[in-house]
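Everything below concerns the one structure shown next.
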Amino acid sequence: MAVWRKLWCRNLLAVCLLFYVLLHTMDVHARPANMSASKDKSPAGKDENEILPPDHLNGLKMERDGHLNKDFHQEVFLGKEMEEFEEDSEPRRNRKKLIEIFTKVDFNKDRSVSAKEMQRWIMEKTEEHFQEAMKENKNSFRAVDPDGDGHVTWDEYRVKFLASKGFDEKEVAEKIKNNEDLKLDEETQEVLESLKDRWFQADNPPADQLLDEQEFLSFLHPEHSRGMLKYMVKEIVRDLDQDGDKKLTLSEFISLPVGTVENQQAQDIDDDWVRERKKEFEEVIDSDRDGIVTMEELEEYMDPMNEHNALNEAKQMIAVADENQNHNLELDEILKYSEYFTGSKLMDYARNVHEEF
């Protein structure tokens, strides 16, 4: 059983209790269908992610833990402008911003967005996420490379990681230097073992047990390396694969842990979760429609720079809002379905469209 699954199972009771509280404190329809937590945008969460590989990777359709990325459509449509579309922001400002984006996607300026134009835009926005990750990686690398020699040892990283978890940095460094027992709790030790596996996977040949800045980027963001993307796929399959054949059946992909459903509201959410995963499995991931997802199929699905996937995604995004069935996207359609593209619902979406456009 994978380390991450062990950790998840150990905390299952706590998750269920939290889930029960959430159902009584928020609108049930506001909860993500894939039941993965909202991204922590607090400074504390960001600091921790600077040295710990984040579960969520912008522009990838699936999280590291196998959950579907509920924000994927917005990420590949808005790029780094995602944060500008907040739920409580002024609708007229959002409408104006969305119109500006539409004019950029409409490359040939015919006031209609084709699948090819949307594909081109998706690739550009994905590249934006890549560039943002590289920029953040520079800061992260400096944080874990205290001597500034351009290389980070596993021990250097381990010291910084444990310091971010509340351990005394000088004490940890001294104990590691003297080969002394760190006396870690079981959960922290298991996380470290998993990170160490990933660390050595990111160490490109010839393996020297040191990571330079590019290798460290692969460690934090496997989407930047084909080899690390393969490794992430193996981890996901290992977590979901119940019979050990290194392939995924539909039942394995949609299986839910026992005991997570406590009432009808929770059952409805789980039903939505299953329907969403079933549709993604059958219509997108299982490319040859044989009922089995291989590692190769999952790798192609996960590859953010796969142009064929980008075109399919463009067609699907257009189909959501294509009310006149012309296989293109007009401005009034994208404004009407703004919540799908931006996460922000516009009121009176058609008001003054022509004037503003």
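Just so you know, glycine gets a Cβ as well, placed from its N, Cα and C.
A TrEMBL annotation is a machine prediction, not a hand-curated record.
The signal peptide feature in TrEMBL is assigned to 1-30.
The region 'Disordered' feature in TrEMBL is assigned to 35-58.
What TrEMBL records for 38-49 is compositional bias 'Basic and acidic residues'.
Non-local neighbours of the domain 'EF-hand' (93-128) in the same chain are 59, 75-81, 84-85, 304-305, 307, 310-311, 313-315, 317-318, 326-331, 334-335, 338, 341-342, 344, 346, 349, 353, 356-357; each lies 6+ residues outside the stretch with a CB under 8 Å from one of its CB atoms. Residues or ranges marked as domain 'EF-hand' in TrEMBL: 93-128 (among others).
The domain 'EF-hand' annotation in TrEMBL covers 132-167 (among others). When pLDDT values are averaged over the domain 'EF-hand' (132-167), the model yields 91.
According to TrEMBL, the domain 'EF-hand' annotation covers 233-263 (among others).
Residues or ranges marked as domain 'EF-hand' in TrEMBL: 273-308 (among others).
Packing against the domain 'EF-hand' (273-308) from elsewhere in the chain are residues 33-35, 59-62, 68, 119, 123, 126-127, 129-130, 223, 229-230, 232-234, 236-237, 246-250, 253-254, 256: each is 6 or more residues past its ends and has a CB under 8 Å from a CB in it. Residue counts for the domain 'EF-hand' (132-167) by DSSP state, with H, G and I taken as helix and E and B as strand, are 24 helix, 2 strand, 10 coil. Broken down with DSSP, the domain 'EF-hand' (273-308) shows 23 helix, 2 strand, 11 coil.
Here the domain 'EF-hand' (93-128) is broken down by DSSP into helix, strand and coil counts: 27 helix, 1 strand, 8 coil.
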